[in-house]
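K.L.:
The structure's right below; bear with me while I get my questions together.
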Ligand SMILES: [Zn+2]
């Protein structure tokens, strides 16, 4: 791989460093904002713990952006050239081997931060139930799986190169990668999540009947509501909606079931159904895939024109590390979209369950999950995928 011309490298470096400085300012604002939050009716020690947890998370948010930039520096500053010299990825098979090695090293590069977050945030605040051995097993399993999936995706998406001109091969490669992502969305709840957690059906009884009645009322005929043993790894209580096609399902963590009474579980399920009925996954990933396809179709030609010469698979690896680092100005847009989805799902839940139950569930979950009730305005604009607790609660009270 021939290196980037100095002018392009300098523009890239300025862009990335500007993002890093902005992230530092945002983390500092959030840190300062949290330090000034007045304790409500909760005991001072509980309040302090929530504040320190939020501050520690803001710090790790910044460290995550620093890590993204560091990986760009490692790979584009010589790592990719070194690997390309060792493997010579000029054919399909050597390209796949190159991706497997690249993914394995990239996984290793991500380990210090992941371990740091576990040590200084999850373990320190007691939200992780894993000990070091359990964490090591998890990291090994998820890292190995990521390398395997990256290798399979490369084998599937790289074949157009060599058979057609680059101007056609790149968009086609992007489309194939999107098809692979869709297959992953299908496989995740069916094949992958059961490797890490146990999923069971809701036992027959009053709660199951209540939830089925609410699903009928809301017109969301989703056959599967599963309970996941999230308590094996974490104390955090949550619920999520996942899957595509017939693998669509709502998953409630056992920690959530333990924390909330039936009316509140119904309200949380109604919120998740709101995501399903409003098509949030399709809308969000439709936009994301559109952006990625545009970047994959345009950027390789731009980088070639700027003097970067490399085999397509090396270019693809460079894009893989570059795109998330370059895309920081898009963060507020994507976060705002996610917060809008949360409000839409809340409105749906307020129509089909008791709004008061959703309010009390939310209040309980915010406290249980150590979320501070407010966030700094600018930090929230960039990083809040859910609206700050107090804003969300006050909007929900309009439905009561
Ligand atoms: Zn939600």
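In case you wondered, yes, glycine gets a Cβ from its N, Cα and C as well.
Unlike curated records, TrEMBL annotations are generated automatically.
The active site annotation in TrEMBL covers 272. Annotation comment: TrEMBL describes 346 as active site, proton donor. Residues annotated as Zn(2+) binding site in TrEMBL: 271, 275, 342. Per TrEMBL, the feature domain 'CAAX prenyl protease 1 N-terminal' maps to 47-198. Residues or ranges marked as domain 'Peptidase M48' in TrEMBL: 204-397. Annotated transmembrane segment per TrEMBL: 6-28, 59-80, 92-109, 140-161, 167-187, 284-304, 310-330, in sequence order.
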K.L.:
In the same chain, who gets a Cβ under 8 Å from the transmembrane segment (310-330) while lying at least 6 residues past its ends?
P.N.:
1-2, 12, 15-16, 19, 22-23, 65, 68-69, 71-72, 75-76, 80, 84, 89-90, 95, 98-99, 102, 106, 154, 158, 161, 166, 169-170, 173, 291-292, 295-296, 299-300, 303
K.L.:
Can at least 3 Cβ pairs under 8 A be found between the transmembrane segment (167-187) and the transmembrane segment (92-109), with each pair 6 or more apart in sequence?
P.N.:
no
K.L.:
Please report how many Å separate the Cα atom of residue 275 (Zn(2+) binding site) from that of residue 346 (active site, proton donor), as a whole number.
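P.N.:
Residue 275 (Zn(2+) binding site) to residue 346 (active site, proton donor), Cα-Cα distance: 9 Å.
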K.L.:
Could you name the residues, excluding 271, 275, 342, of the same chain that surround the Zn(2+) site, i.e. Cβ within 8 Å of the Cβ centre of those residues, in sequence order?
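P.N.:
Going along the sequence, the neighbours come out as 241, 272, 274, 280, 341, 344, 345, 346, 348, 349.
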K.L.:
I'd like the number of other C-beta atoms within 10 A of the C-beta of residue 346 (active site, proton donor), please.
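P.N.:
So the number of other Cβ atoms within 10 Å of residue 346 (active site, proton donor) is 24.
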K.L.:
Can you grab the distance from residue 271 (Zn(2+) binding site) over to residue 346 (active site, proton donor)? Cα atoms, rounded to a whole Å.
P.N.:
6
K.L.:
Find, among the binding-site residues listed as 271, 275, the one whose Cβ has the highest number of other Cβ atoms within 10 Å in the structure shown.
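P.N.:
Its Cβ has the most other Cβ atoms within 10 Å: 271.
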K.L.:
Quick check on the recorded positions 272, 342: which one has the highest count of other Cβ atoms within 10 Å of its Cβ?
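P.N.:
When each Cβ's neighbours within 10 Å are tallied, 272 leads.
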